[in-house]
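Reviewing the structure listed below.
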Amino acid sequence: MATILQNLPIGQKVGIAFSGGLDTSAALHWMKLKGAIPYAYTANLGQPDEPDYEDIPRKAMQYGAEQARLIDCRSQLAAEGLAALQAGAFHITTAGVTYFNTTPLGRAVTGTMLVAAMKEDDVNIWGDGSTYKGNDIERFYRYGLLTNPSLKIYKPWLDQLFIDELGGRAEMSEFMTQAGFGYKMSAEKAYSTDSNMLGATHEAKDLEHLSSGMKIVNPIMGVAFWKDEVEVKREEVTVRFEEGRPVALNGVEYPDLVELILEANRIGGRHGLGMSDQIENRIIEAKSRGIYEAPGLALLFIAYERLVTGIHNEDTIEQYRDSGRRLGRLLYQGRWFDSQAIMLRETAQRWVASAITGEVTIELRRGNDYSILNTESANLTYQPERLSMEKVEGAFTPLDRIGQLTMRNLDIVDTRAKLGIYAKSGVLSLGTGGDLLNLTGKAAE
């Protein structure tokens with residue numbers, strides 16, 4: 001039997017990741033009418049734009065679900081978000097502004113926890129709303145099969161019969177209205193939005209055009225800081241970490257990581273912190289564009305990285321960042337629980353994050369404009385007295401530096417010899433002054 005089912009499995013249990021929106025509502029009711037036995041599963045990821053989670057399973061039952069469950073995924077999402085932060089698992093940046101992989105983190109949690117819940121109900125066929133051109137179809141495929149090796153995939157949006165009968169939002173809205181549900185299609189936005197407690201993604205439609213900028217987006221986790229009429233006051237915030245875990249904001253301790261992240265979102269959101277505009281490579285290698293929000297993670301990451309640079313040495317920081325970029329890409333590809341990803345993140349958690357204890361005070365202004373005002377940690381290896389020109393005990397002397405510089409003569413001689421070889425081969429031309437070294441020939445092209 002194929003893993004991916006192209007036709008509706010009549011008479012069988014089919015689990016659907018149910019959001020309560022038009023697409024999944026129409027799909028669920030359609031599957032019921034066609035003879036399947038739909039089970040609805042909704043993930044509570046702390047979405048900032050979801051007003052009433054409890055109402056979603058009730059809707060699913062009205063539309064024909066045999067059973068509807070609400071799965072609280074917030075604690076697991078917070079834990080995975082912290083692991084990503086500790087490992088610096090963020091590979092998409094533009095001019096130093098970071099995308100915090102919040103959608104891939106949400107998919108890792110949703111794809112495992114919902115399928116685990118389905119397995120409890122003896123539901124071994126899963127459907128969701130991901131499209132065939134996107135990243136999510138592969139992420140959910142991987143996480144689903146990792147959780148339940150017997151899982152089969154049925155997506156209404158890959159079923160030609162469903163597409164023929166309910167191919168667009170207008171058709172879905174009419175279908176639900178005729179069924180007696182009085183479903184009103186919401187006003188069409190200029191872009192689509194997907195969110196969870198860690199961040200929001202805005203993409204597609206008008207945002208596919210690079211001439212449409214961030215200003216067409218209505219933020220859901222913070223303020224539109226680019227608008228002059230939006231008042232944004234300067235604010236100082238102190239973030240405290242203990243052994244790599246954020247534990248306090250402005251002196252208030254948060255034993256519950258979920259509550260700390262929500263408060264960090266509120267603080268960062270008041271300034272529009274963490275918004276970014278990124279061009280990225282999807283899993284299929286086609287480029288896409290997204291506008292992202294992550295006010296809380298951005299705030300925590302500023303403080304975390306400040307402590308990383310003050311506590312660890314250069315080689316450790318280099319390895320942390322190189323490994324973080326590799327791990328970020330694995331996370332993006334839906335491989336967060338693969339062995340190579342676990343190896344990278346647990347190494348960072350054990351040898352980098354465990355030493356991160358201290359407090360960082362930050363002044364937030366508009367958007368990603370901020371200043372670090374103070375850094376305190378008992379673990380700091382930053383010690384200004386080591387570089388003091390005053391006489392201090394334990395400092396190195398001029399004679400020590402003379403010896404160190406003399407040892408550099410060996411590699412300087414080697415470098416000079418290499419440059420001579422390159423000049424003889426025509427790769428370099430030796431001139432004078434500012435033109436001392438110039439690439440020539442093919443190397444300059």
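Every residue gets a Cβ built from N, Cα and C, even glycine.
The ATP binding site annotation in Swiss-Prot covers ALA17, PHE18, SER19, GLY20, GLY21, LEU22, ASP23, THR24, SER25, ALA43, GLY129, THR131, ASP136, ASP194.
Residue density at ASN135 (L-citrulline binding site): 20 other Cβ atoms are found within 10 A of its Cβ, drawing on all protein chains shown. When secondary structure is read from DSSP and collapsed to three states, ASN135 (L-citrulline binding site) falls in the coil class. Per Swiss-Prot, L-citrulline binding site is recorded for TYR99, ASN135, ARG139, SER192, THR201, GLU203, GLU280.
Using a 10 Å radius centred on the Cβ of ASP136 (ATP binding site) and all shown protein chains, the other Cβ atoms total 20. Residues or ranges marked as L-aspartate binding site in Swiss-Prot (evidence: sequence analysis): THR131, ASN135, ASP136.
Excluding THR131, ASN135, ASP136 themselves, the residues of that chain whose CB lies within 8 A of the CB mean position for the L-aspartate site are, in sequence, SER130, LYS133, GLY134, ILE137, GLU138, ARG139.
Here ASP136 (ATP binding site) is positioned 13 angstrom away from THR201 (L-citrulline binding site), judged by their C-alpha atoms.
Rounded to a whole number, the C-alpha distance linking GLU280 (L-citrulline binding site) with GLY129 (ATP binding site) is 22 angstrom. In the shown protein chains, 19 other C-beta atoms lie within 10 A of the C-beta of GLY129 (ATP binding site).
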